[in-house]
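Below is one structure; the comments refer to it alone.
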Amino acid sequence: METTTHIGVVIRLRPLLPDEISSGHINSRINCDLLNQQITLSSPDMRQYKRFQFDQILDETVSQDEVFEKCNLELLIKKVIEGFNATIFAYGQTGSGKTFTMEGYQYDNSLKPIIKNDENIGITPRIIKALFNEIQAAPSHVEHTVYCTFIQIYKEKIYDLLNPAQLKAGNLGLKLRWNKQEEFYVENLCVHPCYSPQEVLSHYHAGLKNKIMAAHNLNSTSSRSHCLLSLTIEAVDTESGGILTSKLQLVDLAGSERVSLTGNEGLALKESIEINKSLFTLRQVITTLSNIKEGDGAHVPYRDSKLTSLLKQSIGGNSFCLMVACLAASDNYYEENLSTLAYASKAIGISNDPVKNIDPKSKLVKRLRKEIKELKNELSEAYQQIDLLSELAILEKGEQAVKLKEMENLPMRSNHMQRIHALRSNLESAQSNRAQTSHSLPISPPTAPVRSRDSEMHSSFIYTPEILSNKLHESVKMIRDEMDKNRRLNEEIRELESINKNQESEISHLQNENQELQERVENVESGIKDRENEKGSIEIMKLKQEREELEKRILQLESEHKQIQTVFQPVLKEKKEKPDLGWKSKRTIVRAQSPAPRQIIAFLGERPRDSGMNFQIKNAKGRPMGRVKMDKSFESTKPESQENSLDTSIKDEAFLALSHMLYKPKRHKYQYV
């Protein structure tokens, strides 16, 4: 059974959150027409309107129970029980309600789900319970087994949420492989057989507690990975031996994010980049498939992302598919809502070809049983014909005619029937010739020629069954020859199949090697990027350290400048009160009769710099005064005022010292006398 169907698309609009209402968010641009299943989005200036039509529109008043009912998921579950694949995935921007639609659980402060069985449970728990209800309603001679797997795709690496060893830090994740059924599978993935909804829900809840969550400006409980819960249903008919296998995939995608709005940095920023990259590939796949015309062989980039690789059969392949596109009812998210609606409208134009998944072993067993039955019937007919012909060979003429009539009534092959009709016509012609001869001739003892002709006719009739038996033996021999030829052909076919199988194994081996090489290249590239990032971070740290050192240096210089000002203030005050000092043409002597000039001399003497002058500091015995002798000549120019003159000279010396402290020129030797 094959059917062609498009991807079903349902739009769900979540209500405004309390934080959004308190922040002043409103919904004035989204209008839902529930009667015609249309949604209209107006531009920020309210001048342009874009209208979209989908299979179902669910506004902000719809409950979780109504979502399950209006999405017609009961019919989808029946298709899964009948042997068809099915996929349900939630798509939308971050914080648009995807996880709540699929799970329905609240999260605590540690970002772990609070498991409650109430009216808010999402699509996944409801569909698990409905699936086992359908299994219980199946005929008693059909045995069902459900196999459960749960994975997450985090930063383009696949992790098993049901395997604790996979959750350790530094794990490289599981490998993605390609099999001869033309589909991708995850290598070394733990598969758990389940016989009740409680077992599946137990595994599901355990996986939810292990998935990666984080908080940012737009969503306090943001999923940082794509999560795929896969349920494989195997149905075995104990009466006919038939086997049906089907797969149900429930996918909660991470939301697309605008970094400018989320405010992510560091690791969260890298997560956002990887999420947006995989969703970009998904959008490319949707766009390519929606533009493909019938018979067109355009390349679909499934392999560009591990998410699209695992969804290959779901989007444009052998599966029924339902897309739940989630929108945030706020005018602030106009661009995000428009993008979601645009890709949802493209997805609705993608055609899938669901095919019932009959197990190949079941097909082979059924075909072999049919062939065995046909061969048994043919063999029974052949034995029956041989027995009748053997009896016919030893009977008299009258009895032979009766037997031939009986043989006509038996179900035989057409060539055998033709032979029997030929024998019967020969017998009737021979009897009519004998009757005509007996009526035309007088009653007398039969002459020798007549007797001989009669005996020849009788002998020819007697040997006719023998001839038929010989021909039957020839036919049997011919059949045996044909069977031998058929056997030889079957052997050749088996040899070719084994050669083909070996070639397929070689191809698979080469594909695995190619995949490993690609993974190595990716690891090397990621390692190079990590090293470059580490190198860049080290350089940034060095620059930060240099900046801190410069800031400390500036603070130190500022404090020294304050100290200098503190030292200068008494001198200035004293010079205001003292009389005029004499000026000399070639040198200037400053006599310090107070402790303040000595502090200046000591301060400047502690930090000698190359200023183009040599300072000589002398302490004469018994003389408490100090002198500063400057070898550099100054012109004998009397300043306008004594205060300005002294202030300028002292400041010149101080600023020369400060300039050398800032620029650090080459050191020269200073003489202390």
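Note: Cβ is positioned from N, Cα and C throughout, glycine not excepted.
Ranges compared are 428-453, 506-531, 558-583, and TrEMBL records region 'Disordered' for 428-453.
In the predicted model, residues of the coiled coil (479-567) average a pLDDT of 79. Summary for the binding-site residues GLN93, THR94, SER96: the Cβ-based neighbour count within 10 Å is maximal at SER96.
Neighbour density at the Cβ, taken as the number of other Cβ atoms within 10 Å, is lowest among the binding-site residues GLY92, GLY95, GLY97 for GLY97. Other than GLY92, GLN93, THR94, GLY95, SER96, GLY97, LYS98, THR99, the residues of this chain whose Cβ falls within 8 Å of the Cβ centroid of the ATP site are, in sequence order, ARG14, ALA90, ASN219, GLY255, CYS326, ALA328. When secondary structure is read from DSSP and collapsed to three states, LYS98 (ATP binding site) falls in the helix class.
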